[in-house]
Every structure is written in C-alpha cells, then in structure tokens.
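Enquirer: Below is the structure I would like to discuss, written out as structure tokens.
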Amino acid sequence: MASVHESLYFNPMMTNGVVHANVFGIKEWVTPYKIAVLVLLNEMGRTGEGAISLVERRRLNLLLLPLLQGPDITLSKLYKLIEDSCPQLANSVQIRIKLMAEGELKDMEQFFDDLSDSFSGTEPEVHKTSVVGLFLRHMILAYSKLSFSQVYKLYTALQRYFQYGEKKTVEDADMELTSREEGERKMEKEELDVSVREEEVSCSGPLSQKQAEFFLSQQAALLKNDETKALTPAALQKELNNLLKFNPDFAEAHYLSYLNNLRVQDVFSSTHSLLHYFDRLILTGGESKSNGEEGYGRSLRYAALNLAALHCRFGHYQQAELALQEAIRIAQESNDHVCLQHCLSWLYVLGQKRADSYVLLEHSVKKAVHFGLPYLASLGIQSLVQQRAFAGKTANKLMDALKDSDLLHWKHSLSELIDISIAQKTAIWRLYGRSTMALQQAQMLLSMNSLESVNAGVQQNNTESFAVALCHLAELHAEQGCFAAASEVLKHLKERFPPNTQHAQLWMLCDQKIQFDRAMNDGKYHLADSLVTGITALNGIEGVYRKAVVLQAQNQMSEAHKLLQKLLTYCQKLKNTEMVISVLLSVAELYWRSSSPTIAMPVLLHALALSKEYRLQYLASETVLNLAFAQLILGIPEQALSLLHMAIEPILADGAILDKGRAMFLVAKCQVASAASYDPPKKAEALEAAIENLNEAKNYFAKVDCKERIRDVVYFQARLYHTLGKTQERNRCAMLFRQLHQELPSHGVPLINHL
C-alpha cells in the first residue's frame with residue numbers, strides 16, 4: 001500500500017492527551033501507550049540474560065513488532081500481553097509505570113533523559129538502525145520537540161491512562177472471584193463494553209504513519225483472505241471515519257472504506273468512497289509526483305475501470321458499460337496496454353451472453369500473454385474453460401487447458417488462482433456427473449496449505465473458492481445420505497463465512513436446497529413449499545423449478561405445467577442447458593402421471609439429445625431411466641430392461657442414493673413385467689431376482705429416509721411374496737406397508753405411474 005499522505009502529520013494538535021509533534025516531517029508522536037512500551041523496552045534492556053529464560057525472551061521479541069506497529073491499546077490489555085509472555089517482566093513494568101504516574105513530572109523527564117543511554121557504550125543495548133532503535137530515536141526526538149505545556153498535557157494523559165488501567169485490572173480481579181460460568185458471561189459483556197471505551201480513551205486521536213499503514217494493510221489482507229478475523233463492518237467504518245476526520249485526503253482510507261462497504265452491499269457508500277479515493281489521488285498528486293501528467297491520466301482511467309467493475313458487481317450493466325467505454329477511451333489516448341487488457345477482460349464479462357464472446361476472450365488471453373500479465377491470462381483461460389464446459393466440450397480438453405493455466409500459477413506463485421482452478425475442476429466434474437472425481441478435487445483443495453505468507457495468524461482459507469468447494473462437499477454428502485456429515489460441513493461453513501460476509505449466499509443456498517430435498521424425500525411437502533421462498537431469494541431459476549416440483553408432488557398438475565413451460569422458455573433464452581434438461585424431465589413426468597406416456601416420449605428424446613450434445617453424462621443416464629419407465633408403461637418391458645442396462649452403470653457409480661434406489665426399483669418392475677410370459681419355474685426365478693433388487697432399492701431409500709418410496713417397495717414385495725406363496729414374508733411386508741400408509745398421506749397416484 002502506498003505511503004500515507006504526509007499532511008496527516010504536519011498539523012500540531014492536542015486531542016485527549018495525544019500530543020502531536022509540531023515539527024515538519026516528524027511522523028511519530030508520544031502517547032501514554034508508547035511511554036508504556038518504552039518502559040517495557042527499558043526493562044528488557046535492564047534485565048540480565050539469566051533473569052529471563054530463552055523461551056520468554058523469544059516470546060517478548062515476537063510481541064514487540066505488533067506493539068510497535070499496531071494501534072494504541074489500554075494499559076490492562078498491555079499488562080495481559082506482557083504477562084502471557086513473561087510474568088516477571090510484567091510486574092516490573094507495572095511498578096515502573098505506577099511510580100512514574102503517581103510521582104512527579106520530573107520522573108517522566110528523567111525517564112526520557114535515561115533512554116538515550118541505551119545507545120551508549122562499545123556494546124550498546126540497542127542498535128540505532130534496528131526496529132527498536134529507530135522507535136526509541138523517534139520517541140526521543142518527538143519528546144524533545146514538545147513545549148512545556150505539551151509535556152504537562154502528556155503527563156496528565158499518562159496519569160489518566162494509568163488510572164483507567166488500574167481500575168480495569170481491579171475489575172478483572174474481582175470477576176475471577178465469582179463462579180466460573182457467571183465470570184465467563186460477565187467477561188464477555190465487559191469485553192464488549194470495554195472495546196468502545198478503549199477507542200475513547202486510547203485511540204481517539206489519529207494514528208501515526210506506521211500505525212495507519214499497518215492497520216490499513218492488515219485489514220485489507222484480512223478482507224481478502226479471512227474476512228471473519230477482520231473488524232466488523234461497523235467497527236471498521238468507525239475507525240476509518242476517525243482516520244478521515246483528521247485527514248480527509250487520506251486516499252488509502254477511502255479505498256478501504258470502499259472495500260468495507262462492498263461487504264454489506266452498500267452501493268451508494270461504496271461508489272462514494274471509490275470516487276473519493278481517486279479524487280484524493282489526483283488532488284494530492286500521489287500519482288503525478290513520479291509520472292507527471294501520465295500519473296493524472298492513469299488515475300482517471302483506472303477510476304473509470306474500477307467504477308465499471310463496481311456497477312457490474314451490483315448488476316448495473318448499462319452504467320458499467322458506459323464507465324468501461326470511458327476507461328477505454330482514456331487508455332487509448334494514453335496508449336496504456338495494461339489498462340486496455342483489463343478493459344478487454346471486463347468487456348467479456350459484460351458481453352459473455354453473446355454468441356461471439358469466446359472470440360473476445362481468446363483475443364484477451366493472447367494479448368495478456370503477450371504483455372506479460374499472467375494473472376489476467378490465467379483468469380481468461382479459466383473463463384474460457386467454463387464457457388467451453390457449458391458448450392459441451394469433452395472433459396479431457398478442458399482439463400488440458402486447466403493444466404496449462406496451472407503451470408502459469410505455479411510458475412508465478414499465484415496461489416489464489418490455484419485455489420480457483422481446483423474449485424473450477426470440482427464444478428466441471430459435477431456438471432459432467434462424475435461425483436467421485438468432484439469429491440477428490442474438493443478434498444484436494446481443502447487439504448492444501450496456503451502458499452502466501454500471511455501475518456497475524458491469517459490463513460488464505462476464507463476465499464470464494466473454498467466456500468464453493470465446501471458447498472460441493474456438503475451437497476455430495478447429502479446426495480449419498482450422509483446428512484450428519486453434510487450438516488457438519490454446513491456448520492463449518494457458517495462459522496467460516498458468517499451471514500454478513502460476501503460469500504455467505506453460497507452456503508445459504510446450499511443449506512436451503514439440502515433441506516428442501518430432505519423434506520421432499522420425507523413427504524413433508526408443506527415444509528418444502530415454505531423453503532421455496534428462501535431458495536427463490538438466492539436463486540430465482542432454482543426457486544421456480546422447485547416450486548413446480550412441489551406443485552407436481554401435491555398433484556396440482558395444471559399449475560405445475562404452466563410454471564414449467566414458462567421456466568423452460570426462459571432457460572432456453574438464457575441457454576441454461578442443465579436446467580432445460582431438468583425441466584424437460586419434470587414435464588415428461590407430468591405427462592405420464594397424467595396417463596399420457598406417448599406425449600412424454602418426444603420430450604424425453606429431446607432431453608436425451610441435449611444431454612448427449614452437451615456431454616452431461618449423469619443427466620443423460622437419468623433421461624434414459626425415464627425413457628425406460630415410459631416404455632414400461634407402454635407395455636414393452638423387455639426393451640425397457642435392455643435400455644436400463646445402458647444407463648444403470650453410471651447411476652450406480654456416480655449417482656445419488658435416491659437415483660440408485662429408483663433405478664433398482666425400476667429394474668425390479670421390468671423384471672416382473674417381463675416374467676409374465678415365462679414358464680412357472682423361470683417365472684419364479686425372475687420374481688426372486690426382482691425381490692433381491694427390491695431389497696437393494698429399499699436399502700437405498702432408507703439411507704435418505706424416503707418413506708414414501710419405501711412404502712411403494714414393500715407393497716410391491718408383498719404382492720410378489722403372495723405370488724410365490726411365501727405367506728410369512730408377505731404378511732411382514734404388508735404390515736410394514738400398512739404402518740407407512742397410515743403415517744404418510746396418499747395422493748391417489750397409481751404405484752406403477754411413480755418412478
């Protein structure tokens with residue numbers, strides 16, 4: 001991040017005991033907190049090597065950097081941090097500060113006079129050019145430039161700082177005497193209350209240059225990699241407003257405010273902050289200092305480009321296109337090929353629904369490689385692969401293209417794009433119906449360690465690619481009937497991506513879909529209907545489709561048909577092939593449940609042709625399953641059975657548990673229907689085989705708790721046992737059927753017409 005504008009430090013001011021040095025170019029000033037840190041450094045130098053163990057000294061050294069760079073904190077919190085590292089030194093620091101605060105002004109004067117001794121001698125305690133040495137010299141210089149009135153105000157501020165710290169320490173000690181459970185609850189409440197008071201007492205003035213840079217860079221990194229560890233949107237905005245109050249021309253603070261407003265989808269405030277950021281860059285000459293007029297133009301064109309990206313994110317495509325045209329015009333005037341490449345990428349994003357958009361994308365990738373922009377080139381390859389996947393290209397060609405992009409990632413250490421690439425592979429394998437490969441890719445992504453060295457315990461595991469992989473993992477487990485595992489994954493998602501974060505919508509939709517499927521399996525259509533509203537809010541197409549599924553299950557055929565026809569027309573217009581095929585299958589089911597299987601056949605053949613054309617293997621297998629069922633209804637079970645042998649292998653290998661159960665149930669139905677013309681011995685053998693398949697189907701349905709289908713299976717088994725003369729088995733199945741029939745509502749649909 002660029003250095004903070006120096007005008008922040010030129011204004012001498014005194015706010016709540018925070019003394020600002022009235023010296024041009026001084027970028028540090030003395031605060032009560034920094035005096036406490038100076039006491040800690042002095043005590044560390046005075047304490048011999050034998051008094052502090054090597055482990056404690058290492059802990060203290062690790063603690064020093066965040067203390068020097070971070071914002072001011074209360075004395076009680078500082079005591080606690082030192083005590084965690086070295087209890088003995090914490091006691092010495094506490095006594096030293098107490099003597100200084102409860103003594104006289106001359107004690108503080110003497111303390112600063114003694115600090116310069118740290119650099120004296122042949123082997124000084126602190127080197128002048130070290131981090132600690134530079135901090136000490138800055139503090140000594142800032143203190144020596146203060147007037148007497150400023151020194152007096154600093155001392156009174158130190159006394160208030162000490163008194164508040166002592167009061168807080170006493171309160172904490174009293175709390176420890178209460179019961180543990182009550183103590184924990186009070187501590188949580190007290191911490192919430194104190195966080196506000198800490199800002200009022202110790203952070204009400206502006207931060208120094210290093211503190212501001214550290215704060216902004218840390219929060220920006222957290223927003224990118226681990227949003228849950230960043231400040232809440234309200235708290236971060238309050239800190240930024242405090243920074244901007246003392247320096248409205250602080251450009252980087254405006255940009256972080258823009259990122260913060262994006263978290264809460266505030267289009268007005270984010271646009272306002274973004275425009276202010278580029279205004280400040282231009283007004284303060286932050287760009288033009290090194291580049292002259294070129295810097296001015298650079299700010300303008302990148303301002304327009306960022307504005308286009310912002311409008312595109314909020315779905316304002318017309319405004320985004322106008323801003324992008326402005327960015328292209330300025331970039332062409334300045335002959336800025338890098339900016340033009342970014343504009344070309346956004347042109348594809350805005351026009352990706354057009355038929356010729358792939359030409360634009362291929363041109364963008366070639367140009368990005370030519371100008372040495374690996375990040376843009378890789379993103380272009382990823383987008384090209386995604387487009388080709390929706391166009392029905394073979395998986396081996398797509399994986400070869402992703403392999404080429406992975407080479408770019410590893411060569412240039414683009415760890416973020418490595419994660420995106422693996423998440424893309426997971427989605428492609430699921431699109432093609434290969435759940436095992438999708439599961440492998442998702443687990444590979446989750447087991448990867450970040451390549452970036454991120455400070456403050458931040459791991460790059462809260463990005464969108466991880467959210468996508470975890471959602472796929474939850475859905476894959478739910479499809480296999482592992483609802484407890486899916487629930488654990490969703491619980492982890494909710495902890496990692498709280499509802500106010502930008503990627504929370506991914507797990508919200510995933511959670512709603514899993515709940516909907518479970519309600520439908522359990523026959524609780526009223527519960528499924530209540531979930532449709534939430535799904536529609538997150539994904540309109542998915543919500544309308546599931547509303548039609550509920551209407552169909554409730555035997556409201558005409559309403560479901562109207563809804564499906566409207567959705568089919570809309571999805572064909574959008575070229576959403578996957579949803580088109582799903583809608584066609586639902587329409588075909590409507591026809592045969594209305595005793596019109598002959599009308600369903602052309603619809604199913606159209607769905608099969610689309611599945612084959614776009615290489616959607618799993619949807620093709622499901623379509624063949626429906627075709628076989630239609631043939632069974634039409635009275636040609638032998639052809640249905642031969643057709644099933646083509647489709648059942650992919651379903652048993654990669655299908656959901658429910659689809660496996662449906663397939664085995666259909667095989668049993670076809671076997672029974674085919675055995676009608678067999679000789680008695682051969683017929684009995686066929687019926688025994690059908691019963692075995694029914695048992696397997698029942699086990700599959702039991703895994704997903706689909707009681708309605710279990711009822712159909714045991715009814716069919718009871719009929720078969722009756723035909724074979726097995727009275728005991730028949731009675732057992734009949735009793736189970738009766739229990740389920742009384743528990744579940746019956747919609748009057750013939751069992752043979754229900755796949």
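Even glycines carry a Cβ here, placed using N, Cα and C.
As the structure is a computational prediction, the values presented were derived from the model and not from experiment.
Checked TrEMBL, it gives:
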DOMAIN    30-168  domain 'Anaphase-promoting complex subunit 5 N-terminal'
DOMAIN    254-353  domain 'Anaphase-promoting complex subunit 5'
DOMAIN    458-490  domain 'Anaphase-promoting complex subunit 5'
Enquirer: DSSP on the domain 'Anaphase-promoting complex subunit 5 N-terminal' (30-168): how many residues come out helix, how many strand, how many coil?
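Expert: Tallied per class, the domain 'Anaphase-promoting complex subunit 5 N-terminal' (30-168) gives 108 helix, 0 strand, 31 coil.
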Enquirer: Per DSSP, what is the helix/strand/coil residue tally across the domain 'Anaphase-promoting complex subunit 5' (458-490)?
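Expert: So the domain 'Anaphase-promoting complex subunit 5' (458-490) is made up of 24 helix, 0 strand, 9 coil.
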Enquirer: List the helix, strand and coil residue totals of the domain 'Anaphase-promoting complex subunit 5' (254-353) as derived from DSSP.
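Expert: Output for the domain 'Anaphase-promoting complex subunit 5' (254-353) reads 85 helix, 0 strand, 15 coil.
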